[in-house]
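Noted in TrEMBL for the protein shown:
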COMPBIAS  181-197  compositional bias 'Basic and acidic residues'
COMPBIAS  198-218  compositional bias 'Polar residues'
COMPBIAS  219-234  compositional bias 'Basic and acidic residues'
COMPBIAS  243-266  compositional bias 'Basic and acidic residues'
COMPBIAS  412-424  compositional bias 'Basic and acidic residues'
DOMAIN    128-146  domain 'U2A'/phosphoprotein 32 family A C-terminal'
REGION    181-267  region 'Disordered'
REGION    347-433  region 'Disordered'
Amino acid sequence: MVRISEDLIRRRAEHNNGEIFSLEEVSLHQQDIERIEHIDKWCRDLKILYLQNNLIPKIENVGRLKKLEYLNLALNNIEVIENLEGCESLQKLDLTVNFVGKLSSVESLKQNLHLRELYLVGNPCTEFHGYRQYVLACLPQLQWLDGKEIGRGERIQALQELDAVRRLVLEQEADYIEKREEQKRSGLKETTEKQEDPQINQLLSENQNGTHQNPESSSKAHTDAEDKEKEFWEKPCPFTPESRLEAHRHLEDKRRAKEKEREKPKNKTLRTLITADGRVMNVNEPKHMDTSLLDVDVQPTYVRVTVKGKVFQLVLPAEVKPDSSTAQRSQTTGHLLLILPLAHGEIKPKKPTARPTSVTSKQNTKKETRPVPGRELLEVDPGLAGSLANIVPKGKESSHKPLQLSQPHQHCGVEERPVSKDFVDDPEVPPLM
């Protein structure tokens, strides 16, 4: 049973900054409320109150709401219109799809002089002959009934036929009340004599214990439960407050059973962290990292991080010093930083060594060193060193001495110079211009 609490009203009063003493409107619909209480003491200034789609069987504890203008009690289990005389400002009352069968209780609304709209659609009383004429004659202040405006001629005719209509309505009301009492007795008898199927009890017991005898029996019990569920919803029954309450409780039991099934711990296979021969394994299980639940275990050859029973284990490539190790976690990214000093010095990556290359010739030997990576230089194959030495042909080697020219002499106006004896005229060299 859901009770109306101060915390519930405050959560529904977010638009009023959580203040309930000055609250003018509150919505408490679809909360499975079974009783109206405390609202008339905590929220005296209420003008609009939504209580539709609950399990309320009676109108009560609203008489002190003097400023209440609109009360919505649609889709509840109300059977009698009562206890609204103190709502002096009430202008609209919605009782759609309830179980009001005592139509004469509508006369209690005569003192609500400001009442302008009334909704009784979906109630048993609307099936009475003379229903609309009776309500119009009893409540002259009404302007709308079930969403239909009341005309002046319709009201005059209803007042003229009030006595006959009242007798007809009271006779139908008495028949309905007798029928309703029979429904209550039969419903109580069915509830008392109703016993759950033994197979269903067995299935529930197995689910609670987390064991099943065998897959075949479990499957059969599950099928029987589905048949019972189908039978429950397809079985014809009168539309009464009891049947509506039973359906609600049936759904609530199913919801709770599902929640228990989710909360029930499942049989998990144990993780292998270290094999039988002592070999440590890498393990990583999905987890929600929470620093308060974080446990870091540093060993010389491996690291194990445990969060809520989830294990992350990492084998180290070298032996470390557990006593000198530290663990830090970033408050922004959540990254975990482990600093693990090595037990036997620092391991440094090997740097590339220089490879000497040489070029050998008959005249000299020249050693070269491979350049730094990133610079591209031409390298000569050592097998070609012999051929490179003979690039200049023999017999055509020129002297390293400076050239000496002959004395100049006159020829066609151009002074000619004597040719040196050591000069060799090379036909491949073009003449000087």
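Numbering starts at 1 and runs along the chain as it is shown here.
Even glycines carry a Cβ here, placed using N, Cα and C.
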Per the Cβ under 8 Å criterion, with at least 6 residues separating them from its ends, the domain 'U2A'/phosphoprotein 32 family A C-terminal' (128-146) contacts 103, 106-107, 109-110, 112-121, 154-155, 157-159, 161-162, 165-166, 168-169, 172-173
Tally of helix, strand and coil residues over the domain 'U2A'/phosphoprotein 32 family A C-terminal' (128-146) according to DSSP? 8 helix, 2 strand, 9 coil
Could you give the mean pLDDT over the domain 'U2A'/phosphoprotein 32 family A C-terminal' (128-146), rounded to a whole number? 95
For the compositional bias 'Basic and acidic residues' (243-266), the DSSP helix/strand/coil residue counts are 21 helix, 0 strand, 3 coil
